[in-house]
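A.B. asks: When I checked Swiss-Prot for this same protein, it listed these features:
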type: ACT_SITE; residues: H104; note: active site, proton donor
type: BINDING; residues: S90, N106, V107, R108, G256, G257, R258; note: substrate binding site
type: BINDING; residues: H94, H104, H143, H173; note: divalent metal cation binding site
type: REGION; residues: 238-273; note: region 'Important for dimerization'
type: SITE; residues: H173; note: site 'Important for dimerization'
Amino acid sequence: MDFAQVKDYLVNLQNNIVAGLEQADGGSFRRDSWDRPEGGGGTSCVIEEGNVLERGGVNFSHVHGKGLPASATAARPELAGRAFEAAGVSLVLHPRNPYAPTVHMNVRFFAAIKEGAEPVWWFGGGMDLTPYYGFEEDAIHFHQICKHALQPSGSEYYPRFKKWCDEYFYLKHRKEPRGIGGVFFDDLNQPDFVTCFNLTKSVGDQFLAAYVPILQKRCNLPYGERERDFQAYRRGRYVEFNLVWDRGTLFGLQSGGRTESILMSLPPIVKWRYDWSPAAGSPEAKLYTDFLIGKDWLPLD
């Protein structure tokens, strides 16, 4: 296990992604470095009211502490009470144009440390796409890049991590997926550190290729108040998932993370309506019937 190597990679990844997004948007991200009193810190890069991105954040954090929070030990009670060190890059981008999808990507490394014992470590991460008005070619492109990112590690990873993503980004209280998925993994520590690190790096390194072509294709499509209204309504689902179900958000808040950085994933304009559903056959209804269905977007090998 080489924590310094992982940290160096993550810092460079954040810089590379921000540079790519600034080129795509034409605007600049604000860089905000911060320290965590309990140990560690990070850098948040945020854009608001950009040319294409209404709000977006690319966050790097490296935190450590004496005791793991409850969200980190829920599945592994044997780690309770261990010291921890965690580092990751997490991003969420909310474009202004309703035809351009929201996207989330995260790669992270975690170590639970106890004196006199081997550290327990694992990687996690993934990326997923949340359209408001779906395009099949965009879903296929996104999943193709996800599959391509995992292919060098073995052909078994994409179907496994795709299924995991569909199951994780699911709003149980709404009984609907958050979006059209992608890939998601956690607790990855087999077969060895180098293999797991290489897989995680490949996911991070392929993010721009997965998302920027979709953003560029959709960001200039004409739209009106109707589309913005539906976008704001569907963004409400994003807020619900992040605040109710997301393990990363819960870990950040429970471990004394920086609230501004943790909640930068939330969209700037959101609406809720009581017991609303789109008219049958409308473009808005198509999102539910054709896209939020846990579909296999690529042919199964």
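Don't overthink the numbers, they just go from 1 along the chain as shown.
Glycine residues also receive a Cβ, built from the backbone N, Cα and C atoms like all the rest.
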A.B. asks: CA-CA, which of the recorded positions H94, H104, H143, H173 lies nearest G256 (substrate binding site)?
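C.D. replies: The smallest Cα gap between G256 (substrate binding site) and any of the recorded positions is with H104.
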A.B. asks: Using a 10 Å radius around its CB, how many other CB atoms surround R108 (substrate binding site)?
C.D. replies: 21
A.B. asks: Report the DSSP secondary-structure composition of the region 'Important for dimerization' (238-273) as helix, strand and coil residue counts.
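C.D. replies: Taking the region 'Important for dimerization' (238-273) as a whole: 22 helix, 0 strand, 14 coil.
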A.B. asks: Excluding near sequence neighbours, so keeping only residues 6 or more apart in the same chain, what lies with its CB under 8 A of H94 (divalent metal cation binding site)?
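C.D. replies: Set apart from H94 (divalent metal cation binding site) by at least 6 residues yet with Cβ under 8 Å, we have L53, E54, R55, G56, T102, R235, P267, P268.
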A.B. asks: Could you tell me which of these binding-site residues, G256, G257, has the greatest number of Cβ atoms within 10 Å of its own Cβ?
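C.D. replies: Of the binding-site residues G256, G257, the most buried by Cβ count within 10 Å is G257.
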A.B. asks: Would you mind reading off the Cα separation of N106 (substrate binding site) from H173 (divalent metal cation binding site), to the nearest angstrom?
C.D. replies: 24
A.B. asks: Could you state the whole-number distance in Å separating the C-alpha atoms of H173 (divalent metal cation binding site) and H104 (active site, proton donor)?
C.D. replies: 21
